[in-house]
Each structure stands twice: as C-alpha cells, then as structure tokens.
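Heads up, the thing below is written out as structure tokens.
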Amino acid sequence: MDDPECDSTWEDESEEDGEDGQADDTTDEDTGDDDGDAEEARPSLFQSRMTRYRNWRAMQDMQRYRHNYPDLTDQDCNGDMCNLSFYKNEICFQPNGFLIEDILQNWKDNYDLLEENHSYIQWLFPLREPGVNWHAKPLTLKEVEAFKSSKEVRERLVRAYELMLGFYGIQLEDRNTGAVCRAQNFQPRFHNLNSHSHNNLRITRILKSLGELGLEHYQAPLVRFFLEETLVQHKLPSVRQSALDYFLFAVRCRHQRRELVHFAWEHFKPRREFVWGPRDKLRRFRPQTISRPLMGLGQADKDEGPGDPSQEAGTQGRTCGSGRDLSGDSGTAEDLSLLSAKPQDVGTLDGDQRHEAKSPSPKESKKRKLEGNRQEQVPGEPDPQGVSEVEKIALNLEGCALSPTSQEPREAEQPCLVARVANEVRKRRKVEEGAEGDGVASNTQVQASALSPTPSECPESQKDGNGPEDPKSQVGPEDPKSQVGPEDPKSQVGPEDPKSQVGPEDPKGQVEPEDPKGQVGPEDPKGQVGPEDPKGQVGPEDPKSQVGPEDPKSQVEPEDPKSQVEPEDPKSQVEPEDPKSQVGPEDPQSQVGPEQAASKSLGEDPDSDTTGTSMSESEELARIEASVEPPKP
C-alpha cells in the first residue's frame, strides 16, 4: 500500500535507501543541473523554502483518486442509479435542471449559461466523491460498469466532453486518440478561462470523471495541451498552478504521467524551482513514444526538440505517401492529357486538310505549301529545290487526292486513276447508248464521255466552280473554255451537235456563224492548243502538260470531210436564240461543283495519250454519224 503522503509517480524507481521522489527533491542541491542551473547562485533560505513548497493537499487528493478511493465505500442507494438515468435522458439534473439532450443540443454556444450555472457540471461528469451540489449523487461502482457497457451513455459522455472543450476554446480532433487542439475562437475563450478560476476545478473534475468512466486515454492529451499553453505559449497563466498541482496527477497511467512531468520540468522556468518531481530521476529519464501524441494534432512543441521519432516517421510517411500520390496523379493527368491531345491533333490536321481541299483558290494552297516547305528548312541552309521545282511538285500534287482519307504515297495512286477513268468511260457509254434513243444525242454523249475529265479528288477541279475560269483543268484539241461540267453531256462542243455552243458569257467558246464551213483548222488560232495559248497548258513548267503544234495528232485535219460542218445543215449553224446553245450561269448543269466526282482532265495524267484518245474518238463519232445520220431537208 502506498504512503498517502507521498507521490507514487516515481516510487518504483526509488533508490535502495527507500527515499521517494519527494525526498529526493527535498535533499537535492541545485548544483547538478546539466542545463545551466549550476551556474546560478545558491538560493537563500527563504528561496529554498519557496522552491521546496508544494501543494500537499492537492498531491494527497490526486493520489487518493488514482488509487480508486481506498477509504471510500459505496452507500446503499436502494438500487437507484441517478447518474445513469440522467445519461439515459430519463431525468433532469437537479436543481432546476434539464435533460441531458437539451444541454447537449441547446447549450453548445450558450457560453454565458455554461459559465453562470454551477449545478450541471456534477451531473455531466460524476465522481465517486461528493461535490458542492448535494443534489448530485456520488457515482457508484455499478454505475461505472453500466457507463462502460452502454454505447448510448458512452456516446453522450463524449458529446458532453466536446461541449466543455468548446466552452474552453479547445477542439477534439480525434475521438479515438483524444487528440485536442485550439478552436477557432480560442482567444476569447482563453480570456474567459483566465478570468474565472473556478473553471480550474471543473477541468479537474472532468479529468477525474474521464478516468472513472472508461475514457482514460482522453486524459493525457488534454493535460499535455494545458502544459503547452501555460509553460510554452504562456497563454493561460491563471491555469498554470492548477495544471501542475492537479491536472498532471489526474492521469492514471503512470508512464504517461512521467512523460508529462518530464515535459513540465523541461519547460519550467526557472528549473531549479520545479518541485513536482525528483530532479535526479528527471535528468535520467528519457521520453519515449508518448511525447508527440500527447500534444494533439497541430500542437507541435517549438522548444521540445525532435520529439517522438515513431510519430514523426509516421507523419513523414503520410506526407511522402501523399506526395507520391500527388506525383502519380499529376503523371497520370499528364499521360491522359497527352493521350487526349493526340486525337485532337489528328482532328486538327484533318480539319486543316479539309479546309485546304475546300479552299476557293488553288494558288493559295500552292502558296501555303511553298511557305510550309520554306519554314521547315533550317535558317542559313541553301534551298535544295528551286522555286520552279517546288511549283512543279505542287502541280503534280494537285493531280492527286488531298482529302483526309488519302494519305498513301502519290505514286501508287496513278495506276488506280487510269483504271478508274477507263471503267468510268465504259460505264457511261453503256448507260448512255441504252438510255438515249436519239442518235445525235447518243453521239454527243459518247463524245462528252470521251472528253470529260477523269474522276479525281483534285482540289483544283473542286475549287474552280466553272470551267472557263480554270484553264488548267482541261486539256484537249478543242478550246478548253468550251467544256462544261461532266454532269451536262449536252454542254460539250461537238462538230455535228448544234448544242455545243458556249453561252455569250464566253466569247471564245462560240463557233463563229460567219464561218460557213465550221471547221476547226490550223488557220483558226482558237482551235489549237499551242504554246501561244497559255490556257491550254497544265503547268508552265511541266513539259508533259503541253500539247504543242509539233504533234500532228493535235490538230484536226481540214481534209477530213467528216470533221466539217456542212453549211447546208441547219443544225451546224449557230443560233444565238436557242436557249440550249448557251451555257450561262443560269444553267445549274453548266457549272462544275466540288461535289462532282469526275472533275479531273485526262490531260493531267502524264502517262495518258490525250491526242491519240481524241483522234480515236473522232473516228468513232464519224462512223456513228454515218450510220445514224437523218436525211437532210
């Protein structure tokens, strides 16, 4: 049995002579401090008496509590458990009280009522010893067991603890560990705590009740908080003495109590006046893992030093873990952004290509290609290709598909284009010969199909809109401006077809009515596609795109009687009044739109023989004319 007059905190570490901590403290001379206290002058007799002073009444009271009131026996209360009934919300506290739920819900922010009413605290935090309120019954051992076994009662006890912490400007951060910290309104609440010293008695009661009702782990964090605020932060000077005399020794766990006493000894100034523990044992004592958790979250000790290595490692691990998580997200976010940016870039490229394919002017697309090639060159290096070569490449590329879907090499597309042209011509011949009963119309359609541009996706043919404006989209012995889009087979110029005239908007596309023979011979400068005619060339730099006068097949011989237009034939005359003989902007079929598939001329294919094709078609037309020519009037 411990001596009730002594402090049992250090009793198991007493020396062989049996002296306890208090005796060591009494006989200790202030010459062995390692922290600079030895350099101070020895205190006088009066100072020694003051430094050796300790509140013995407080020490005895707290030791009696820690030893579960050995001199106290439960009174026979006839089976009544008033404290348990109050916490079950069955009765009101006395005198003139309320139910516990009313207090927990309505008194939370009513600080004046919590300060002025002195009857509720004995009911909220009952003890085994009687208090000043004789209406409040002392706590019995049966009630203690009932408090610990009832979840409802335990929950209300924690809420009552949070209510009083808020009244003192403190916040419970973790219900599991009991860690506490300053509340947002701690300054006015600390001021009230300094002004009303009776709250020190309330805090002592709260600490004792927590130890009685199964919440012992809530004691040490709260005591550590008050030691921090009084000895380190110096915010609660009125609470300092009570914290050292009562709060420290309300902790029932001996090891935690030693940790707290050592913490108080380290921060007490002057240290030689510290009387709440034996100095020699405090010098030898080494804090363990309890120091850092006692403060609660966010209440790091500025003067303590390293503190708890395990908790620091845990905190660092959490920080590193969060840092790794953040870096992984950012990396994932970057990967996702890159993955999401790739299809956007592809879509942008496709959009640029579609915009370029639909550009109204082919010269602008050439200019953009040329500028793009120049920008790709390193500054200071000579241009490996001349301007003429770049223009040739641009012209050759115009003959190929520039749509977003055709990204294969252009050389592989040339045989496919020729094959598609031949198939298209054969299909048109079959359809037109079967559908049209008129020989003249059939003759005209055959010639139109033979002279129509090859189906291609060239942006030039899609951009020109009308034949006469683009001299490079047609190649043939006839006037390139005399052709209209492939959708209107009747708009072609034929020797026997009176509908082959170009409207008055194109003066060069008309057959002069003054020419009775209607022949297109070498004397007619417009019937030839020579070097003097800049509109008969595909490109000025492409030698394969010209049909020169040296080619005898490029002219229609005047000796061929079938190629002449008889003056007696009324169909060979130019009737300007005939609405069908004009191709104007009013005729929707006379325009070449970007939606026409067959918009490329055979002359743009350097591998195809344009002149030979035109001559063979002329002979075929002559044979068809001889067989189906109607009698002349």
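Each residue's number is its place along the chain shown, starting with 1.
Placed from the backbone N, Cα and C atoms, the Cβ positions cover glycine too.
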Of the residue ranges 167-196, 257-286, 377-406, 407-436, the one that Swiss-Prot records as motif 'Bipartite nuclear localization signal': 257-286
Where Swiss-Prot places phosphoserine when the choices are S8, S456, S601, S618: S601
Candidate annotated in Swiss-Prot as phosphoserine, out of S327, S461, S482: S327
Phosphoserine according to Swiss-Prot, picked from S554, S608: S608
Mean predicted confidence [pLDDT] for the motif 'Bipartite nuclear localization signal' (257-286): 93
Residue distribution over DSSP helix, strand and coil in the motif 'Bipartite nuclear localization signal' (257-286): 20 helix, 0 strand, 10 coil
